[in-house]
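What Swiss-Prot says about this protein:
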- CYS14, CYS50, CYS79: [4Fe-4S] cluster 1 binding site (BINDING)
- CYS154, CYS158, CYS161: [4Fe-4S] cluster 2 binding site (BINDING)
- 5-116: domain 'MTTase N-terminal' (DOMAIN)
- 140-369: domain 'Radical SAM core' (DOMAIN)
- 372-438: domain 'TRAM' (DOMAIN)
Amino acid sequence: MTTKPTIAISHLGCEKNRIDSEHMIGLLVNAGYEVDANEELADYVIVNTCSFIEDARAESVRTLVELAEANKKIVISGCMAQHFQEQLLEELPEAVALVGTGDYHKIVDVIQRTEQGEIVKEVSQEITYIADETVPRYRTTNEAVAYLRVAEGCDYRCAFCIIPHLRGDQRSRPIESIVAEAKQLAEQGVQEIILISQITTNYGKDIYGKPKLAELLRALGGVDVPWIRIHYAYPTGLTPEVIAAMRDTPNVIPYLDLPLQHSHPDILRAMNRPWQGRVNDRIIEDLKKALPDAILRTTFIVGFPGETEEHFQHLVDFVKRHEFDHVGVFTFSAEEGTPAIDLPNQLPQSVKDSRRDALMEIQQPIAARRNELCVGQTVDVLIEQENPATGELIGRSPRFAPDVDGLVYVTGEASLGSIVPVQITAADIYDLYGTIVEA
């Protein structure tokens, strides 16, 4: 009997990529392959790459080169495989296969073909696949947290974004499928489910004829998971129905990740954002009135072609005025295959960097003030880590999403994966500190 090769998976990029990796692991394990976390011990390494911006591509390339130098058989999957295809096979002879973003479910067949000596290119030009609750999945997050993909792809064509080219048009899963997977996750002991897609507020539009996020949230209210968090909510999609569903569904956290990208109408129009110039004060003010306890995270792009000092100052004033809880700032990255790469008035990197640094400097005291409002409160904290040297516990309250926001450093005793009441005693720019409240 032939021994099956050992396989490792190197995951790079976003949560959507993570879910693809988790499905590949699940499928391979089901097929009898040993999946090892140690790349040095593996015969094959699947590198699930990111190609969203230049920095992400550089990280993917570094990983591929290091593995090639270690003489590993490399399977390149994900966004770079979709983006560059034959170019990767030509430049990296150690690559034995390419697997596109709509083809990860074929990973077992791909490995079997490479074992026979074939160089495999499994990259669909029309990307239509989305995994459901029946596809094996091995989660790589900590046991208490899981990402749940409600849709894949995007129907918008923002000038700076290559995602529709890499992941296809939007395709949503039926509500019943999502609820079924949420119940599976609850049975596994998951305490927090994070709903993701490219534009979560557009969920269902492609299969139901109109967005159905409100109905999905209400359906998920019946699942025994304490926290459900929404990522990537477009402000114009936060309809009264969605806001009412958030208010009425106790396990839906009032946390909103709003990818606003800019405030000035000129720049929003140049970006071809779906709301064009309609991100204004009223939208944010109405949202805060409707959800007064909402935790608001947003991201901005500075240095977009044609952004003047006046445009940038408009954004600075917008950030000062609305005091978001969490802000991420990215410099514009000109991506091949997007309209923005050909726009006039491209800005030097030095200007982009200085604007990013200036905006973050303005946001930091705002973030500190928002965190300081928690001092004296008792908040629920999901315990995720323990510092073995000090015994200090580390977790997150509802105001912090994994990886992108802060942490809560906790004194006291609690089991990993449990949610406990913590009295907040101190705060800084990013994190909170507190003590477990004994019952």
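Cβ from N, Cα, C; glycine included.
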> How many helix, strand and coil residues does the domain 'MTTase N-terminal' (5-116) contain under DSSP?
Replying inline: 59 helix, 25 strand, 28 coil
>> List the residues in the vicinity of the [4Fe-4S] cluster 2 site, defined as same-chain residues other than CYS154, CYS158, CYS161 with C-beta within 8 angstroms of the site's C-beta centre.
In response: TYR156, ARG157, PHE160, ILE162, ILE163, PRO164, GLN198
>> At a 10 Å cut-off from the C-beta of CYS14 ([4Fe-4S] cluster 1 binding site), count the other C-beta atoms across all protein chains.
In response: 19
> Which value does the mean pLDDT take for the domain 'TRAM' (372-438) in this predicted structure?
Replying inline: 96
>> Using CB atoms and a 10 A radius, I'd like the single residue among the binding-site residues CYS79, CYS154, CYS158, CYS161 with the highest neighbour count.
In response: CYS79
> What's the CA to CA span in angstrom from CYS79 ([4Fe-4S] cluster 1 binding site) over to CYS154 ([4Fe-4S] cluster 2 binding site)?
Replying inline: 14
